[in-house]
Amino acid sequence: MATKAVCVLKGDGPVQGTIYFELKGEKTVLVTGTIKGLAEGDHGFHVHQFGDNTQGCTSAGPHFNPESKKHGGPKDQERHVGDLGNVTAGKDGVATVYIEDSVIALSGDHSIIGRTMVVHEKPDDLGRGGNEESTKTGNAGSRLACGVIGITQ
């Protein structure tokens, strides 16, 4: 069973980063890392369905959602498995990621291994935007950078 994973984020522009995933205890996955080249502010941060980046980040498909739920925030009961909320970049364009999540997993039905991590252009409205797109994507906009999540030591 995997206890650690890593993802290298790259895109067509300057946004890049490395994200680490580590199982802590039985269910909690600690997500850490750094993303550079972002505009200042919040950016949607999600695990997408497929580990396919052949057409850039768009071929990664929708948010990872094995339970067919509506989009939500990371603390919501009603959320996609892949909904990790937002990362926040400072004036220097760097976002330091620190998320503890008990919905994603590194094995089993909620495993994110082999799926794509995506950082988006806009803030995720956490499903509270009042329109249909909000319940699917959080109105987070285009995909700035992505990478496939793989097992590591």
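Any Cβ shown, glycine's included, is placed from N, Cα and C.
Record features, source Swiss-Prot:
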- H46, H48, H63, H120: Cu cation binding site (BINDING)
- H63, H71, H80, D83: Zn(2+) binding site (BINDING)
- 66-80: compositional bias 'Basic and acidic residues' (COMPBIAS)
- C57-C146: disulfide bond (DISULFID)
- C7: S-palmitoyl cysteine (LIPID)
- A2: N-acetylalanine (MOD_RES)
- K4: N6-succinyllysine (MOD_RES)
- K10: N6-succinyllysine (MOD_RES)
- K91: N6-succinyllysine (MOD_RES)
- S102: phosphoserine (MOD_RES)
- S107: phosphoserine (MOD_RES)
- K122: N6-acetyllysine (MOD_RES)
- K122: N6-succinyllysine (MOD_RES)
- K136: N6-succinyllysine (MOD_RES)
- K136: N6-acetyllysine (MOD_RES)
- 56-80: region 'Disordered' (REGION)
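Features per Swiss-Prot, on structure.
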residue	record	contacts (Cβ under 8 Å, 6+ apart)
K4	N6-succinyllysine	Y20, F21, E22, L23, L106, I151, T152, Q153
C7	S-palmitoyl cysteine	T18, I19, F21, G33, M117, G147, V148, I149, G150
K10	N6-succinyllysine	Q16, A145, C146, G147
H48	Cu cation binding site	C57, A60, G61, P62, H63, F64, G82, R115, T116, M117, V118, C146
H71	Zn(2+) binding site	H63, R79, H80, D83, L126, G127, S134, T135, K136, T137, G138
K91	N6-succinyllysine	E40
S107	phosphoserine	M1, A2, I113
H120	Cu cation binding site	H43, G44, F45, H46, A140, G141, S142, R143, L144
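Between the recorded positions H80, K122, K136, the minimum number of other C-beta atoms within 10 Å of a residue's C-beta occurs at K136. A gap of 25 Å separates the Cα atoms of K122 (N6-acetyllysine) and S102 (phosphoserine). Sitting within 8 Å of the Cβ centre of H63, H71, H80, D83, and not among those site residues for Zn(2+), are the Cβ atoms of H46, F64, N65, K69, K70, G72, R79, V81, G82, G127, K136, T137, G138. In the three-state DSSP assignment, the secondary structure recorded for K136 (N6-succinyllysine) is helix. The binding-site residues H46, H63 differ in how many other CB atoms lie within 10 Å of their CB, and the one with the most is H46. Those residues of the chain, other than H46, H48, H63, H120, with a C-beta within 8 angstroms of the mean position of the Cu cation site C-beta atoms are G44, F45, V47, A60, P62, F64, G82, D83, V118, T137, A140, R143. Counting Cβ atoms from all protein chains shown, D83 (Zn(2+) binding site) has 30 others lying within 10 Å of its own Cβ. All protein chains included, C57 (disulfide bond) registers 23 other Cβ atoms within 10 Å of its own Cβ. For S102 (phosphoserine), the number of other Cβ atoms no farther than 10 Å from its own Cβ, over all displayed protein chains, is 13. Summary for the recorded positions A2, C146: the Cβ-based neighbour count within 10 Å is maximal at C146.
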